[in-house]
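Report on the structure given below.
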Amino acid sequence: MNPQAKLIFMTSLLLGTTITISSNHWIMAWAGLEINTLAVLPLISKSHHPRSVEAATKYFLTQAAASALVLFSSMTNAWHTGQWDITQLSHPTSGLILTSAIAMKLGLVPFHFWFPEVLQGSPLSTGLLLSTIMKLPPITLLYMTSPSLNPTLLTTLALLSTALGGWMGLNQTQVRKILAFSSISHLGWMAIIIIYNPKLTLLNFYLYTMMTATVFLTLNSMKVLKLSTLMTAWTKVPSLNAMLLLTLLSLAGLPPLTGFLPKWLIIQELTKQEMIATATLMALLSLLSLFFYLRLAYCTTITLPPHTTNHMKQWRTGKPTNVLIAILATMSITLLPISPLILALV
């Protein structure tokens, strides 16, 4: 892709995100979401492969429908209350429509079908954007409207997302699809706590973004797209493979790694809200995701392929690891001991 074009699209992406997260008026928030959608479409379809074009079309249709619902919800609220302010979403029907629209934007179950397909059709670099920065504006809107949202609906969506995100990822062989289902599962954890403690949702989102960025950048530097390639990548950069193992376990939420922090705090907060059954169910459902993270980790570092694969062993390259990957990987693994400081900052 032309560097000037790429610069324009990335600037538009940042502009759209900034407009949405800093706006008070629904129309401005909607405009930011639209700029975001239009800026990321060329990045999805830049390879001109039929699958990329299909992914861009699916993404456009889903996001357009979700944006229309956001507009409809805000207009309904303005009709009943005379308020266009985002924080004044007091009409219950508007709250339900908005929750559905944001769930569609994020890819929460049952509006999740587009996300694995779009991620599978995108390059890894665009997949990283779709999994991280594109989730920020919808989550910000949920954060701002959290006092007036319906707890039952959000809890249902969250439990379904954690269950299906873990369950549907079990049988995948494509790394991008596995990461898509991992994202859906993590969004379930964010959605369940947003009404009771919105700051925890943001903390979870920041840590999830950091760990996912590490995984995507590592896979991109090793040029890995499916599990069979991942099995032969250990010869290429052994140190990076070891870091990928730890980052995947951190994403799964195992102590003493960084990913354990949000899960621990969310379960603690749910227990304080006397939602002990929900907390237990969430913890059990995260075991499903743990299985496919372990499968990825197993393919990454532990095994030699049990049979002769069609993939050549890759030569060990003398290139040093990217500094950004090194910093992100270190943070994805070692932040748990300084959790009191993180909580004080949040």
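Using N, Cα and C of the backbone, Cβ positions are placed for all residues, glycine too.
These numbers come from a predicted model, not from an experiment.
What TrEMBL records for this protein:
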- 23-288: domain 'NADH:quinone oxidoreductase/Mrp antiporter transmembrane' (DOMAIN)
- 290-343: domain 'NADH dehydrogenase subunit 2 C-terminal' (DOMAIN)
- 56-75: transmembrane segment (TRANSMEM)
- 95-115: transmembrane segment (TRANSMEM)
- 152-171: transmembrane segment (TRANSMEM)
- 178-196: transmembrane segment (TRANSMEM)
- 202-219: transmembrane segment (TRANSMEM)
- 240-261: transmembrane segment (TRANSMEM)
- 281-302: transmembrane segment (TRANSMEM)
- 323-345: transmembrane segment (TRANSMEM)
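Relative to the transmembrane segment (178-196), the listed stretch 152-171 leads the set 56-75, 152-171, 202-219, 281-302 in CB pairs under 8 A. Only residues 6 or more beyond the boundaries of the transmembrane segment (281-302), in the same chain, are considered here, and those with a CB under 8 A from a CB of the stretch are 158-159, 162-163, 165-167, 169-170, 172, 175, 178, 181-182, 185, 188-189, 192, 227, 230-231, 233-234, 241-242, 244-245, 248-249, 251-254, 263, 266-267, 270. Between the transmembrane segment (152-171) and the stretches 95-115, 202-219, 240-261, 323-345, the greatest number of Cβ pairs separated by less than 8 Å involves 95-115.
The list of residues near the transmembrane segment (202-219) in space but at least 6 beyond its ends in sequence, with Cβ under 8 angstroms from a Cβ of it, reads 124-125, 127-128, 131-133, 135-136, 139, 143, 175, 179, 182-183, 186, 189-190, 193, 225, 240, 243-244, 247-248, 250-251, 258-259, 261-262, 265-266, 322, 324-325, 328-329, 331-332, 335, 342-343, 346.
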